[in-house]
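Q: I am attaching a structure below and will ask some questions about it afterwards.
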Amino acid sequence: MLKLFQYNWQVRDEWFNWCAKISVDELQCTRVGGRGSILRNLFHIVDVEQAWIRGLKGKTEFHYNFNDYPSLKSIRELSIKCRPEVEEYIQNWSNDIENHKLDEFTYGEVIHHVIAHEIHHIGQLSIWAREMGAVPVSSNLIGRGIYDR
C-alpha cells in the first residue's frame, strides 16, 4: 500500500511544480470533467484522501472548504499539512484490518479507492494539460525509484 501512496504523492508534487509554471487564469479556468478546474481537482485529491483516512482512523470525517484554499500555494500547503497523518496510517497498515468495516465498505475497499481516486483525477489533469498544448507530468510508475527504497 505504502508504495502506491508514495507514487501518488510523488506525482502530485510534480503536478504542483508543473502548475507553478502555469498562469493563474489557466489554473482556475473552467474545464469539462473532473472538479471543473485544475485547482479544484488538486484540492479535491488532497481533501478526499485525508477525509477517508480520518474515517479509517475512527475520526469524524472532515472536508475542507475550497474557498479557504483558493491558490496553488494554499492547496500545496494543505497537502503538506495533511500528508503526515495519512502517511502514518499507511505505514502502519496491516492486512489484518482489510476486512474491517467502515459503514458499508471494507477498509481494503476504501484504501484501494483512495489510491485509484487520485490516479483518476491526475489523469484528468493530464488531459487538460494536453488540451492546453502542454506536456503533462509523467504518470508512469516504472522508473520513479519508488521500489528502490
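Cβ coordinates are placed from backbone N, Cα and C, and glycine is handled just like the others.
This is the feature table in TrEMBL:
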- His44, His117, His121: divalent metal cation binding site (BINDING)
Q: Through the lens of DSSP with three states only, how would you label His117 (divalent metal cation binding site)?
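A: The residue in question, His117 (divalent metal cation binding site), is helix (DSSP, three-state).
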Q: Counting other Cβ atoms within 10 Å, pick out the least crowded of the binding-site residues His117, His121.
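A: Taking His117, His121 as the binding-site residues, the minimal 10 Å Cβ count falls on His117.
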Q: Would you list the other residues of this chain near divalent metal cation - those whose C-beta lies within 8 angstroms of the C-beta centroid of His44, His117, His121 - in sequence order?
A: Gly34, Arg35, Asn41, Ile45, Val48, Glu118, His120
Q: What's the number of neighbouring CB atoms sitting within 10 A of the CB on His44 (divalent metal cation binding site)?
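A: Summing over all protein chains shown, His44 (divalent metal cation binding site) has 20 other Cβ atoms within 10 Å.
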